[in-house]
Amino acid sequence: MTFAPLQNDRFLRALNRETVDRTPIWMMRQAGRYLPEYRAAREHAGSFMDLCKNADLACEVTLQPLERYPLDAAILFSDILTIPDAMGLGLYFETGEGPKFRKVVRTEADVAALPIPDAESDLGYVMNAVSTIRGALNGRVPLIGFSGSPWTLATYMVEGGSSKDFRHLKAMVYSQPELAHAMLDKLAQSVTGYLNAQIRHGAQAVQIFDTWGGALSAEAYKEFSLRYMQQIVDGLIRDNEGRKVPVILFTKNGGLWLESMAATGCDALGLDWTINIGDARRRVGDKVALQGNMDPAVLYASPQAIRAEVKRILDDFGDHPGHIFNLGHGITPQVDPEHAKVFIEAVVELSQK
């Protein structure tokens, strides 16, 4: 596939810790329910998964935030649970309760029965969306592909949906570690194939979302989450279309383990808001770029407070290469789009070199 040349490579340059004219910015969940035009598209699609599975609609909602704001990257509109769904677990959504699976994975027989999905055929709708979005971007900004981490996917597969304490999976980790490893290895193989297919179809950077890795002890994190993200990083296509394909790891509540994460060979770490970005830069900034890390709840505050927090984070990071501004987690549905605009424009204005 041949695509238009990239006009704005600020995001990719920052990921490689090269100098940029200002700090690039994008937001996790930037195509989402806070935008009225997204809500209209979702209603038109009929359901969230119908929206994900229609390449034209997925493309439309991916581009919506770029029409409103001066963002430096687009991120594929999809869901982290596409892989377990393709494994036959029956993903569905209950209003107000989030994602659920019709089948759970808790026994040796359950794990043995899990197929490794073929990204091109079993997840072809995602690849159609990637190539459609990349074509429609026409070189405006880079396209980010993504996946959930093996550990995070496993939490949903074993618990059957969202969980506060992950008791079934944690019991497996401590009572039957070999069973947990067998499942996580299958997931790591699946994620590697899935992200490589996204890269072949046009993703110019990829992010691994380890939303629940921070729920683990330090030892368990290294053994059951980081180990499998390392396996994925080792197996990814790192050059495509004559350019490096950067990899971002994001473990929510992973601030204690940045050095171990940076040692995986990834290009950048996503940070949540619980860590000072200046401290993070002093710890690992010579190895990786850093992405983050404003508390999404600041977007409910006044415009003046939003600008002040942007300035604080920029000042804390300092005049160094390798910063991509983002929120510390996804933007939430009740945020006023005008407040998101204040945030993004503050980053653009206050970070000009």
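Here the Cβ of each residue, glycine as well, is placed from N, Cα and C on the backbone.
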Arg29, Gln30, Ala31, Gly32, Arg33, Asp79, Tyr156, Thr211 bind substrate per Swiss-Prot; candidate in His329, His339 listed for that same site: His329
Of all the Cα pairs drawn from Arg29, Gln30, Ala31, Gly32, Arg33, Asp79, Tyr156, Thr211, His329, the residues the record ties to substrate, which distance is largest, in Å? 23
In Å, rounded, how far does the Cα of Arg33 (substrate binding site) sit from the Cα of Asp79 (site 'Transition state stabilizer')? 14
For the C-alpha pair, I'd like the distance in angstrom between Tyr156 (substrate binding site) and Asp79 (site 'Transition state stabilizer'), rounded off. 13
Between the Cα atoms of Ala31 (substrate binding site) and Asp79 (site 'Transition state stabilizer'), find the distance and write it as a whole number of Å. 12
